Structure formats: structure tokens, C-alpha cells
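Working notes, beginning with the structure itself.
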Amino acid sequence: MHIYTYWGLKYVPSNSTMVAKEGDLILLGNEVHKVVKVLHRFRNITDLQITNWKGTETRYNLHVTEYKVLVPYDTHKEENEAMSDSLITHNGKDYVLCKIPARVGDLIRTEDKRVWEVLQKSKDGLVLYNEEKGEQRSAVYSEIGPYHVLVPRDTDTHTPTREELAAVIMNKAFTRTETQDSQEDTGTHKGLGLTGTDLYHSLRDLDAKVQSGYYTATENEEDVKSEIEATKKHMKAVKESGKTVNDYRKEENTKRCKLKALTNKFNRLFLKSVIDTDSLQVGKAYLIGGRDMKNVHGLYTGTTFDQQHANFLIVETDRMHRTLTVSAEQLFAEERHIVDIEKRVEQTED
């Protein structure tokens, strides 16, 4: 498998024939080593931004038929060479197949290509339901075998900018609903160092998703509408307060100092051989530290299949990133600690 690098991030070709969307990176069929970005698309007529050793150029009105969509590649996943190695469509929706532990409410695909909904989860196995045949069964993990979790593919996927990568580390930039008793992540920015442009983009994206029917459930639509109104009020309050970006940065630095003091005292007990995945959320930022290392912000990307190691994406610049792996033994021996940044900030404010 060939690995392609685009602005410092690694990608591999998808195994499926997924239709490219605006903002996607694709690999042209007749030019094996040319990675291009889709700017606009109308049927097979496409505007492409081409980046190679000669520089960057834009070509308009190209007739593109043979291509493959590129998906993120995680160099530290031995069991699953590509963390998101294929894209599939189920019930009219696009999903990314990821090898991460399933939770209640998730859709999973087993080796026989069947899709199941997770109704219940225990330490021994899962209770599954297949909508296609109306079949429900309980099975231990050994009977289920290897499986992939279906993670919804965002409709506005695009190559992240430096500002967006920073937002992922400092804010909740991913939307994911976990088990009923867990905290829901709605992707709301907390206002830490945000500019008017950040708030405008958040408002525009949410409004567009409501208008396009991206949120189909009534309760979700109401939640998004209320979030849009809350964002408008927040923008108005920021404007009236007269605060500058530097003022927000000072507040952010104050909270960071409080976090630094808290991390010296904070030690969470984990199981000796298995990562406590119920306390970690894919796509969420955590503070990782321990003996002989400085505290760093990392984006949790999942665990190995045996759940003995947790992987975190560390974004250093817009062209450089690395993966940090934390083992269950290190957590049990208190050589490493993982701090939920937002939870600690909320407790500090209370």
C-alpha cells in the first residue's frame, strides 16, 4: 500500500468506490502519484487544485471519471493499517469504518459484512440487532470476532487548516453521541481565545446543516437551532464587551495555569491490562503527561484492538504531527496520566 503525504498529514486510498465531495482529496486514476483537492464539483465536471513538486495550480472544468478518495492513515495501528481504511454507504448515509471499541447505540460491521446495532454492552460481550432481517442476538466477543464501528462521514470533509487543527486541540470539534448515561459532545466552542471569524464559521456551518436537512431528527434540529441562537447572543455579548483577542488569550493562560496545578494532583485509576475506554471519547482533546515528559495536548483517536494501548494525535504545526501511544501498564503504574481538560475547567469554574 502506498502512503501519500499532503501538507504534513498521511493518507491512503479508500478501498471503496465512494463518490468524491467538495473538499476531498482524491487520487487520479491515470496519474498514480498525483494527489489533488476537489474545489467544486458538478457531475463529472470538476475544478481541481493540483499540488506537486512544481507548486500549486488550479485547473477548471476537467472531466474526471477514474479516481479514489484518500482517507487518513494512522501509522501506529498495527491491527488496522489504515485507521479509516474504507468508506461505505448504509441506509443512504456515508460512514467511515474504524477499528475502535463499540458503545451502546453504535453501528458495527462484522467480518461477514453484516451491520448490527449495539443494544447492550458488558465486559463479556454485546447484544446486537440486525435491522435488515429483524434479528437480535447476544454474543461474547470471541463469537463476534473482529469488527469495525461505523462512524458517520461528515458532509463537509476538507483538508484542515492550521487554525482548524488548533481548534481541535483546544475545543470540542467533533460531534459524537455516546451511551445514554455519558456526557454528550455537541461540538460547542467554549470561547477560549475565539475570534469573530471563528464564531461566524461555526454559525454558518450549523445554519447550513439545518437548512440542508443534515439533522433529520426533530430534537437534533431544535438543539442546533438553539445553539445557533446561543452563538448569536454570544457574538453580540463579545462585541458589546469590547474585549480583544489578547483579553481572551489572558483568560486562556489563566485557565492553563490552573490546569497545570491540577494535573500535578490528578491521578485516575485504570485497569492494569485494559484501557478504560468508557472514560475516553474519540475526537476529544486530553492532556497527557507523566514522568520524564512535559504535558501535551493530544486528540484521542482510539485504542488497539486488544484495548491495551491508547493512541493520541499530537499536532505540532500545520505540516507536522505525531502519534503518542499510552499503555494501560503506564497508567496503572502512574507513569502516565490522562486529564479531561474540559471537565477540569468546568470543575475549576464551579
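FYI, residue positions are counted from 1 along the chain as it appears here.
Each Cβ is built from the backbone N, Cα and C atoms, and glycine gets one as well.
Taken from Swiss-Prot, the feature ATP binding site covers Ala237, Val238, Lys239, Glu240, Ser241, Gly242, Lys243, Thr244.
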Other CB atoms within 10 A, centred on Ala237 (ATP binding site): 11
In the chain carrying Ser241 (ATP binding site), residues 6 or more apart in sequence that have Cβ under 8 angstroms from it: none
Around the Cβ of Lys239 (ATP binding site), the count of other Cβ atoms that are within 10 Å: 10
